[in-house]
């Protein structure tokens, strides 16, 4: 007979405690104990509690391998068993008669009656678990997870996604917490009520004037939104949004003018000034291009019974000497030059030039929402999340490293498939290209997607924007990428002693292979790895996953409301076709081109919600669920947190000198995961 002490920690969240009865079986090298009840006088397992229990094993089971946790509802006399009650368990600590403590991290909800098997907390790759009982447990855990979390093809040509229809169908471990869910719907309800009371959501007509639009602008004010309202017509602000706005990923250095964008020296002489030319500036590297060509011929939507229009513009920009601002030189609203596709210039009539810039901003909306935001920052993180849950067991070091960066991603994406990207909902009701246009854009982009675009250092080099001044997305993003990369490198170094150890980890290889097949649809042309051969490749890949799920999402999501609150700065749709000649634009025609009142308000409401985390936050590098139990990874986590704090101090110091602070990549404001 052997006595063990069992210490149990219950989570602090609302509803984390349970009335159910809990017992444990201890599995060792010599056998397994019967279920041992964890029962003291009074109520056990209340939220936030840490409780000690003494259990007696009838026989010695040898060295402890596993802990089986059994949960069942209590049985009342005459009434029988009660309904099962969920329980969030943080961890178990087992103290044998001889030897030190054994910690079993859990950090899971246990729903209903059932059994959960836990390994001792030391992280182990697949080849490091030599005992057949442990190997079998890993396989059984993954089989159960693969049955629970299944793939489906959501739309042709899209990354695959979780096979669940509504958030009500999700199990508790991937659902919003009660507090986060309540806050989300409270925010949505109050914002919807305000718009409804003002009578804006039901008004299908045009805005009467720019002044009338200020009614909606007063809905919620932020420093970024205020700045956009004050400066939206200025060329310098228009150009700066390609660097630090909600879509800072498209601008690239222009080494030669595209043949279908016939800008001449005479057109741009007033901006470039005397003594230079387009060719000279191209050679100096001071010209940049933003090309929305992927929008060419895209399907458009019908809003309030009226067909909408889209453009595929090309924008040439000039970095003025010294620390001067980036400025637009020329805009062409199609990919086909000719008499019906004039090149608009800063020297044109005010309304011609403003309308051309507004068409570019509309293209930015469509490109950003369908690709930069939905595809790259939601659908791909969902792929990473599902593959992690399906292919990496709880004890795997990569599971422990990645699981905080998957928190709530399956919930928000399932909710998006309910409320945003389905017929009759926001994208269908109120965007210029609608669901069909979104889907077509995603299909096109999936064929172009490449690995370098997902890895920030390579993306910056490929676009040739290493030295353009005032590019805070690049500056802050590169610092965060570097901090994540060093952290990942330290963790990989602990558990993978050689390149061969990476190659031999079958669970890791299955994870990478599933991401390649389900997320990137087996497209070898993408350069996305289908296997990993070296520690260096593994570090880059895992860094890409964590950066995409945290910093990249924050950079392209948190500023959505700032950009759209003053709608002319980011119109979601355009009701008149792009101009085919100059000299005809007027204030009245400009307003008639902008989206109707109800679509404007619909989008602003949605983007306000998507820019605002509804509580229950976990900033980047914050890991309250302590999956790692060894000293080495814990030290790496603390070092990572210290690096992020240092980056934050530098960003805040710089921002004090900026008219418009760039805050989207300040580490305390970055969520660990895609959760909104």
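Sequential numbering from 1, following the chain as shown.
Backbone N, Cα and C define each Cβ position, glycine as well.
The following features are taken from TrEMBL:
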type: DOMAIN; residues: 2-124; note: domain 'PLAT'
type: BINDING; residues: 15, 17, 85, 86; note: Ca(2+) 1 binding site
type: BINDING; residues: 39, 40; note: Ca(2+) 2 binding site
type: SITE; residues: 109; note: site 'Essential for stabilizing binding to COTL1'
type: DOMAIN; residues: 124-676; note: domain 'Lipoxygenase'
type: BINDING; residues: 373, 378, 553, 676; note: Fe cation binding site
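Other C-beta atoms found within 10 angstroms of the C-beta of residue 15 (Ca(2+) 1 binding site) number 16, with every protein chain shown included. Helix, strand and coil residue tallies for the domain 'PLAT' (2-124), in that order: 0 helix, 66 strand, 57 coil [DSSP]. Excluding 15, 17, 85, 86, which define the Ca(2+) 1 site, the same chain contributes 16, 18, 19, 87, 88 within 8 Å (Cβ to the Cβ centroid), listed in sequence order. Calculated from their C-alpha atoms, the gap between residue 17 (Ca(2+) 1 binding site) and residue 373 (Fe cation binding site) amounts to 37 Å. Within 8 Å of the Cβ centroid of the Fe cation site, not counting the listed residues 373, 378, 553, 676, the chain contributes 374, 377, 381, 412, 556, 557, 610, 674. Between the C-alpha atoms of residue 15 (Ca(2+) 1 binding site) and residue 109 (site 'Essential for stabilizing binding to COTL1'), the distance comes to 10 Å. The most crowded of the binding-site residues listed here (86, 676) is 676, judged by how many other CB atoms sit within 10 Å of its own CB.
Across the domain 'PLAT' (2-124), mean pLDDT in this model comes to 93. Looking only at the recorded positions 39, 40, 85, 86, 109, the one with its C-alpha closest to residue 553 (Fe cation binding site) is 109.
Non-local contacts of residue 40 (Ca(2+) 2 binding site) by the CB criterion (under 8 A, 6+ apart in sequence, same chain) comprise 51, 53.
Checked against residue 86 (Ca(2+) 1 binding site), the binding-site residues 39, 378, 676 differ in C-alpha distance, with 39 being the nearest.
Sparsest Cβ environment among the binding-site residues 39, 85 (other Cβ atoms counted within 10 Å): 39. The two recorded residues residue 676 (Fe cation binding site) and residue 109 (site 'Essential for stabilizing binding to COTL1') have their Cα atoms spaced 21 Å from each other.
Considering only the recorded positions 39, 85, 109, the residue whose Cα is spatially closest to the Cα of residue 373 (Fe cation binding site) is 109. Among the recorded positions listed (39, 109, 378), 109 has its Cα nearest to the Cα of residue 85 (Ca(2+) 1 binding site).
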